[in-house]
Amino acid sequence: MQTYDNPNIKYDWWAGNARFANLSGLFIGAHVAQAALTTLWAGAFTWFEISRYKPEIPMGEQGLILLPHLATLGFGVGVSGQVVNTYPYFVIGALHLISSAVLGAGALFHTFKGPRNLKNTTGSARKFHFEWNDPKQLGLILGHHLLFLGMAALLLVGKAMFWGGLYDATTQVVRVVNHPTLNPFVIYGYQTHFASVNNLEDLVGGHIYVGLILIGGGIWHIVKEPLPWAKKLLIFSGEAILSYSLGGIALAGFVAAYFCAVNTLAYPVEFYGAPLELKFGVTPYFADTVKLADGGYSARAWLANAHFFLAFFFLQGHLWHALRAIGVDFRQIEKSLNAISSAE
């Protein structure tokens, strides 16, 4: 992290992972713990939403954010988007809770029993030790991240083609996608209007391409260190890597917000409510186009706006850490502004 030439800087508890940015073993433990918390929330909140779900009220009007995703994946859904069985949701919630326990145990192991720094260990674990100024090792770790993202994209393809299918909002039934679109011109054509996709064949075909590209990129980064031009262009430091990550999350959040707001194939009206419209107040926001009872908001409104505002703050984090990475000292800016004020 940026220390401004102070090698003895001490981070308090609120600094998060910065406290052990140079301890690769504890750094892994922190990430595993964060994964455990994420899966714990997903499992527990799925069960909570099951307890609140009312079959007689449209799902999109109940303020649910997880069950609509599971229904879109074809779990427990019958004709016309009717939820006929909530037991699959219970099982999925349980699997997430069990996974969180396993991940939590892994986090505790890495925190209390594992080596604090993988540099001091032996065997295959040592190859995951990294230094923030080592482009080759950072590329290796990036490659493994891309492999997992690619496999996740292909899991959706597997669900669509082999494991029960997806809910098709155009026909209002769960169906298997037998012939996904593989024409690269069709898939690439969505670059300028990705949110207009209106058939499962194109949606699944896009995931095939994305999954394969991610896996290909992962293999590339594992076996090949960054090219000379990348080493010259990019800054390799903890602060810079954090800024790149936050920027990527911000971009994904903005894309997800818009996609959720307007697309009714990946986000069916039956589960999320009607499409939204963009409005402007103190800030831009997405508003329901259908008035709900008791002044409530649709699941689509909750998700789109949450993604938008979270993405906005991730973008601020990206800019903050990017500026710090290139050497901007915000303390000096404050001193300069105070000096100007005093002079006046």
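Here, residue 1 is simply the first one shown, and the rest follow in order.
In case you wondered, yes, glycine gets a Cβ from its N, Cα and C as well.
Distant neighbours of the transmembrane segment (25-45): 16-17, 65-66, 92-101, 103-104, 106-111, 114-118, 121, 128; these residues of the same chain sit at least 6 beyond its ends, with a Cβ under 8 Å from one of its Cβ atoms. Annotated transmembrane segment per Swiss-Prot: 25-45 (among others), in sequence order.
Residues or ranges marked as transmembrane segment in Swiss-Prot: 89-109 (among others).
If you look up Swiss-Prot, you'll see 138-158 (among others) marked as transmembrane segment, on the strength of sequence analysis.
Here Swiss-Prot flags 203-223 (among others) as transmembrane segment.
Taken from Swiss-Prot, the feature transmembrane segment applies to 240-260 (among others), supported by sequence analysis. Same-chain residues lying 6+ beyond the ends of the transmembrane segment (240-260) with a Cβ under 8 Å from its Cβ atoms: 1, 132, 138, 194-195, 234, 266-267, 272, 286, 300, 303-305, 307-308, 310-312, 314-315, 317-322, 324-325.
According to Swiss-Prot, the feature transmembrane segment maps to 303-323 (among others), an assignment based on sequence analysis.
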Quiz prompt | Long-range neighbours of the transmembrane segment (89-109), counting only residues six or more past its ends (CB under 8 A) | solution = 29-30, 32-33, 35-40, 42-44, 46-47, 49-50, 67, 70, 75-76
